[in-house]
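S.K.: Taken from Swiss-Prot, the feature active site, proton donor covers 71. Summarising the annotation, Swiss-Prot assigns active site, proton acceptor to 220. Feature annotation from Swiss-Prot assigns substrate binding site to 11, 62, 72, 73, 160, 193, 211, 212, 221, 222.
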């Protein structure tokens with residue numbers, strides 16, 4: 001089986017071209033390939049597939065084998081793959097995901113895609129739709145008791161569920177301990193991604209992320225979008241800002257007119273191989 005390893009802001013996935021390869025059990029394959037000691041090593045597996053209603057379709061699986069709705073960093077790399085490998089010459093394409101249809105704008109340099117802008121759609125703020133078990137309509141800057149401590153949470157879905165927590169210094173956090181506890185809290189019936197955000201200015205923030213099913217990763221595109229939305233709602237960031245993650249920077253904009261969130265970032269090839 002041939003594969004391509006790519007990353008967006010350090011968020012690395014194994015990509016399988018399902019125009020050429022047949023995958024019978026992607027859940028099991030994701031676990032095997034993602035193992036950083038016994039496999040290839042990645043945050044998960046992405047299948048690039050034909051679509052009946054869009055330019056292309058993607059399915060993605062976390063490193064624990066669970067299927068995820070969307071990944072902002074992964075979808076940029078899908079855009080890179082289909083252009084670089086000659087499946088399209090268009091610079092504006094659509095990709096079908098479990099979180100809906102996403103629109104991509106591709107930016108070539110020397111006939112290779114280096115940067116991609118994604119229309120991530122409107123954020124979901126209603127607690128029942130995220131989903132979050134909560135007595136109010138929305139969960140915005142609410143103090144929640146956990147077994148070890150209290151945290152102030154804002155819940156946002158960008159096709160997959162996130163809670164955003166504002167902290168003084170992301171570098172000082174025990175992200176694994178805190179993230180794991182919040183991810184599995186019963187108020188989140190589908191578990192939750194946890195985004196820790198340190199505000200640097202109205203136009204810049206740092207972030208670390210604990211992803212459900214994968215643990216801490218170098219970056220999370222939907223998480224960065226959720227962080228921007230939560231920051232705007234709480235008066236901490238401008239609608240257009242940079243989010244710096246462990247693996248690199250993402251440029252975000254929450255358009256006031258359409259309410260859509262746009263994310264721009266890198267898409268990079270790591271290597272190609274057979275497994």
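Keep in mind that glycine also has a Cβ here, set from the backbone N, Cα and C atoms.
Because the structure is a prediction, the values reported are computed rather than measured.
Have a look at these and tell me how they're positioned relative to everything else.
M.R.: Of all Cβ atoms in the protein chains displayed, 31 besides its own lie within 10 Å of the Cβ of residue 71 (active site, proton donor). Secondary structure at residue 71 (active site, proton donor), taken from DSSP and collapsed to helix, strand or coil, is coil.
In the three-state DSSP assignment, the secondary structure recorded for residue 220 (active site, proton acceptor) is coil.
In three-state terms derived from DSSP, residue 11 (substrate binding site) belongs to an extended strand segment. Remark: residue 11 (substrate binding site) has 43, 71, 73, 74, 217, 218, 219, 220, 221, 247 as non-local neighbours, by Cβ distance under 8 Å and separation of at least 6 in sequence.
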S.K.: Rounded to whole angstrom, what's the largest C-alpha distance between any two of 11, 62, 72, 73, 160, 193, 211, 212, 221, 222, listed as binding substrate?
M.R.: 16
S.K.: For residue 72 (substrate binding site), what residues in its own chain, 6 or more apart in sequence, show a Cβ-Cβ distance under 8 Å?
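M.R.: Listed in sequence order, they are 8, 118, 120, 158, 220, 221, 222, 223, 224, 225, 250, 263, 265.
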S.K.: Please report the DSSP secondary structure of residue 160 (substrate binding site), reduced to three states.
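M.R.: DSSP call for residue 160 (substrate binding site): coil, neither helix nor strand.
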S.K.: Please report the number of other Cβ atoms within 10 Å of the Cβ of residue 221 (substrate binding site).
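M.R.: If we count other Cβ atoms within 10 Å of residue 221 (substrate binding site), we arrive at 27.
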S.K.: Return the residues near residue 211 (substrate binding site) by Cβ distance under 8 Å, restricted to its own chain and a separation of at least 6 in sequence.
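M.R.: Once residues fewer than 6 apart are set aside, residue 211 (substrate binding site) is near 43, 62, 193, 217, 220, 223.
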